[in-house]
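Peer 1: This structure is in C-alpha cells; I'll ask about it shortly.
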Protein chains: 2
Amino acid sequence: MSSAGNSGGQMGLLPEGLSDRLPPQAEASARLARDVIDCVSAHGYQRVMPPLAEFEETLTGRLKSARAQDLLRAVDPVSQRTLALRPDMTAQVGRIAATRLASAARPLRLCYSGPVLKLRANQLRPEREQLQVGAELIGSDSVVAATEIVSVAIEALQAAGVSGITVDFTLPDLIDELAADALPLGVDEIEAVRAELDSKDAGGLAELGSAAAAYLPLIEATGPFHAAMERLEAIDAGGVLASRIAALRAIAKPIGWDITLTLDPTERHSFAYQSWFGFSIFAEGFIGEIGRGGSYTIIHPDGREEPATGFSLYPDPLIDAGFGRTDERRIFLPLHADAERAKALRADGWRTVAALSAGDDGAALGCSHWLDGDTPRAY
Amino acid sequence: MSSAGNSGGQMGLLPEGLSDRLPPQAEASARLARDVIDCVSAHGYQRVMPPLAEFEETLTGRLKSARAQDLLRAVDPVSQRTLALRPDMTAQVGRIAATRLASAARPLRLCYSGPVLKLRANQLRPEREQLQVGAELIGSDSVVAATEIVSVAIEALQAAGVSGITVDFTLPDLIDELAADALPLGVDEIEAVRAELDSKDAGGLAELGSAAAAYLPLIEATGPFHAAMERLEAIDAGGVLASRIAALRAIAKPIGWDITLTLDPTERHSFAYQSWFGFSIFAEGFIGEIGRGGSYTIIHPDGREEPATGFSLYPDPLIDAGFGRTDERRIFLPLHADAERAKALRADGWRTVAALSAGDDGAALGCSHWLDGDTPRAY
C-alpha cells in the first residue's frame, strides 16, 4: 500500500467518511482556522473548547428530535451512560452560555474551532468528520447583532484569503409570521406551502388554492439581492414583512462591493432553533455552502429563552480543492551546518531540514534550497 | 446553574473527565499548541491530521493488547463495525507513514496537534480528553535523530514560554539487552528484576539471587544526569551499555544549561513499541510529566520494520495551572464609533468590543479601555 494520493483515505483501511489529511492540506486547514480565529478574536470573541463527547441527552436536548438520529454514539463504561460525539459545536456553546457562563455580562462573545463528527455523510460531502470554526454573539438577535455577525464572518474569510464570496440571506420564520397574520394559512396548509416554496414550484403553489397563491411573489423574490428585495417590497403584507425588509437592508448596507449578495427569503436551514434571520456563505468555485449563520434562541435550564446570533464555517471543501497552499521556503542543512545560521534562517521564515546522515537527499525531502556554508543555494 | 468557576465541568452535566475549557484557558491552550507547531514546522516537520476515530483493529493493531482495553468504542451503523476514538496520535502518524506516505522520502518529518480521548482517566489527570501535540521523525532512530527530537521538543516548549524544564532520560530496552548477554538472566527472572528496579528496591533485588544482584548498581545510577552517568559507567557490562552511554552523552551535549537533565535508566514507558531511548519532560511547579518521547519501531503492512523517533506533549496540566494567560488589550467601542479607527486599533493588537445598544457596559464586558472619539481611555 503506497501513497495513493486520494484525499479520502485508503479503501478499507479507514471507516467511510473518516480520512487522514496529509501535507500540505493539513497545514492549509490549520492555517485557515487560525486566521478565522485571529480575526474574530480581534473583534472580542473569546475562545471556548467544549468536549468532543457529551451525554446524549445533553447534546440532543436543545435540538430537534430528528437531529438525535444523526449522532455517533459510544457507551461509556465509566458513567454507564450513552455518550454522543458532537455533530456541531454551536449547541455546545449555547449550553456553556446557559450554564457556566449564565452570569457573565451580555452580550457575550464566544468563538471556537474543532472537529465535529456526524453519523452519516451528506451527498455533497463524503466526510463525516468536519472542521467547524465559528463565533456566537449571545444575548442579542437585533439587527445590529446580525450586522456584526455577517460582517465579522466575511472579514474572517477574507483574512484567511478567501475571495469570490457570496452571502445568501434568508428569513427562516417569515412563512410562519405571514401565515399568522397578513397572509393567513391554516396550520395544515403551512407545510404544503413551504414544500412548494422549497421547490420554487409556482404551479404547485397556485394549485393549493387562493390563500396559498398569495405566497407566489415570494418565489420571484429570490436571486441577486437588490432586485429580489424590490420584488419582496412589492408584496403588500404590512408590519412583519416591512420590518424584515428594513432589517435586511440595514444588515446589507456595510457589506462591501466585492461580496455577492443574494436573497432566498423562504430558504429553510436545518437548525431548529433558528429565528428571524439566516444566511449561507458560498465561495466562487466551490460547490455547496462553506458556512452559515443567523439568529436563534438558547433555552436556559430554568426555561428562560435568550436570543443569540452567530455563524459557523465548514472550510473543508476549500481545503480539499487546494485552497491555501503556500510555497514554503524549505532549506536543507547538510551535516555540521552552522546552528546559529540555521536559527537565523528559521527566524527569517525558512523551514530548515537537517541532515541526519550523509545520505540524506534535500531535494527529495522537498527542499528548494540547501545551505552552502553561509549561503542558501537553489537545487 | 450559574457560573461555577471550576475547571472540571459541572457535576452531572458533563461525563466524568470531559469538560469545557472556558476563557482565558481555552485561548492559552490554543496558543501553546500553536507555538509548539510553529516551532516544529520551522524544523521541517509537516502537519498531518488523522481522523478522530478509526476501526478498532487499526488502532490496536500496532499497540500492545493491554492498550485495547483503554479505548472508548462506538458502533458505526455505516460500516457495521466497531470504531474506537483515538487515545493517542503517535500510532496514527505511524500508520500514515507506513501506508499513504510509505514511498515518501526518508527521514520523514511529521507533526500533529489535536484532542485524544481515553476510556479512563489516570490518578494524576482527571481528564479523559487531552490535547496531544507532537512531532515524529520517521526512518531513523539514530543518536542524531534522538538529538534532534530532544532539542526540538525543548525548543518548542521554550518557544511557548515554558521554563524550568526537566528532561529525564531512560533506556527502555536496557534490561533486555543486558539480560541477553553481559548480565545474563533467565526469561522468567527478567520481569522480577524489572519489578524491583521499578520500585528501586535494592533489598528485594538482592534477594532474587546473584544474577539479579548484578543489576543493583542500576538503582544507584538514577538522578541528576552527570552523577548518574558516572555510576552507570562504573558498571562493567561492555558493548551494549558502553554504546548506550556514549549515545546519551551525545544527546545531552547540545542541551542548554537552563534545562535540568536527569537519568532513570530502567524507567519503563507504557508504550510497547519503544526501543532503545526514551525521555520524559517535566516543568517546574507541575506534577506529572507534560511530555514524553523516544525511539520506536513502526510495522509496515508487509511486515517490514522501520525505526522512528518522536515526542508528544500533553500540555493540559500547564493550562489548568494558569500557564500562558496574557493580558489582552480589550477596548470598548461605543455606538457609532469610527470603523476605520477601530480597524487600526485591531491592526495594532487591540481587541475591540462593539456596543450593540446604548446599555452595553464595556467594563463589565472585560474591557480595560473605551474609545473616546479617537482616543483610548482607561476605565
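Just so you know, glycine gets a Cβ as well, placed from its N, Cα and C.
In TrEMBL, annotation is done automatically, which means it is predicted and not curated.
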Peer 1: Looking at the ranges B:1-22, B:67-88, B:111-132, which is given as region 'Disordered' in TrEMBL?
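Peer 2: Going through B:1-22, B:67-88, B:111-132 one by one, TrEMBL flags B:1-22 as region 'Disordered'.
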Peer 1: Hey, which of the binding-site residues B:Thr90, B:Gln132 is the loneliest by Cβ count within 10 Å?
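Peer 2: Lowest Cβ count within 10 Å among the binding-site residues (B:Thr90, B:Gln132) is B:Gln132.
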Peer 1: Counting every protein chain present, what is the number of Cβ atoms, excluding its own, within 10 Å of the Cβ of B:Met89 (L-histidine binding site)?
Peer 2: 22
Peer 1: Tell me the Cβ neighbour count for B:Asp88 (L-histidine binding site), meaning other Cβ atoms within 10 Å of its Cβ, over all protein chains shown.
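Peer 2: That number is 19.
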Peer 1: Just to confirm my parser: what is the rounded mean pLDDT across the domain 'Class II Histidinyl-tRNA synthetase (HisRS)-like catalytic core' (B:17-318)?
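Peer 2: Reported value for the domain 'Class II Histidinyl-tRNA synthetase (HisRS)-like catalytic core' (B:17-318) is a mean pLDDT of 91.
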Peer 1: Reduced to three states, what secondary structure does DSSP give B:Thr90 (L-histidine binding site)?
Peer 2: helix
Peer 1: Specify all same-chain residues, apart from the site residues B:Asp88, B:Met89, B:Thr90, B:Gln132, B:Glu136, whose Cβ lies within 8 angstroms of the center of the Cβ atoms of the L-histidine site, ordered by sequence.
Peer 2: B:Ala91, B:Gln92, B:Val93, B:Tyr112, B:Val116, B:Gly134, B:Gly310, B:Ser312
